[in-house]
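**Q** Copying in the features that Swiss-Prot gives for the protein in this structure:
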REGION    30-115  region 'Disordered'
REGION    39-51  region 'Fe-S binding site A'
MOTIF     77-80  motif 'Cx2C motif 1'
REGION    77-91  region 'Fe-S binding site B'
MOTIF     88-91  motif 'Cx2C motif 2'
Amino acid sequence: MSSKPTQAFSLKTRQAVDEDALLTEEDRVVKEATKGEDCTTRRRACKNCTCGRAELERKMLAEGKKVEMPQMPAGGCGNCAKGDAFRCATCPFLGQPAFDNTSDGKVKLNLTDDI
């Protein structure tokens with residue numbers, strides 16, 4: 001089975017459309033990929049840390065200083081309490097369960113039996 005390249009056709013003129021003519025200069029600019037994960041939302045540096053946090057922690061431990069956990073920033077989208085399905089990509093609460101927004105991020109478990 002051979003695969004032929006597909007062509008786009010105009011519905012009005014039934015002529016082949018030049019796909020390169022549809023792109024603007026802004027579309028042609030190669031955008032730099034954003035880093036998906038980093039150490040800012042974790043208690044310790046990642047195993048494969050590339051941001052420099054692992055070196056900083058080792059240096060502080062060698063000097064005898066306490067490594068302080070960074071403060072978790074409040075999310076800007078307002079959906080942090082709803083759960084991962086509603087959180088933005090940079091949410092500091094990714095991976096954590098949904099919580100009641102009025103209880104300072106503490107998780108309330110419903111331990112009652114539903115039978």
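Cβ coordinates are placed from backbone N, Cα and C, and glycine is handled just like the others.
Mind running through what each feature is packed against?
**A** Here the region 'Fe-S binding site B' (77-91) has long-range neighbours at 36, 97-101, meaning same-chain residues at least 6 beyond its ends whose C-beta is under 8 angstroms from one of its own.
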**Q** Average pLDDT across the motif 'Cx2C motif 2' (88-91)?
**A** 78
**Q** DSSP on the motif 'Cx2C motif 2' (88-91): how many residues come out helix, how many strand, how many coil?
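**A** DSSP classes over the motif 'Cx2C motif 2' (88-91) add up to 0 helix, 0 strand, 4 coil.
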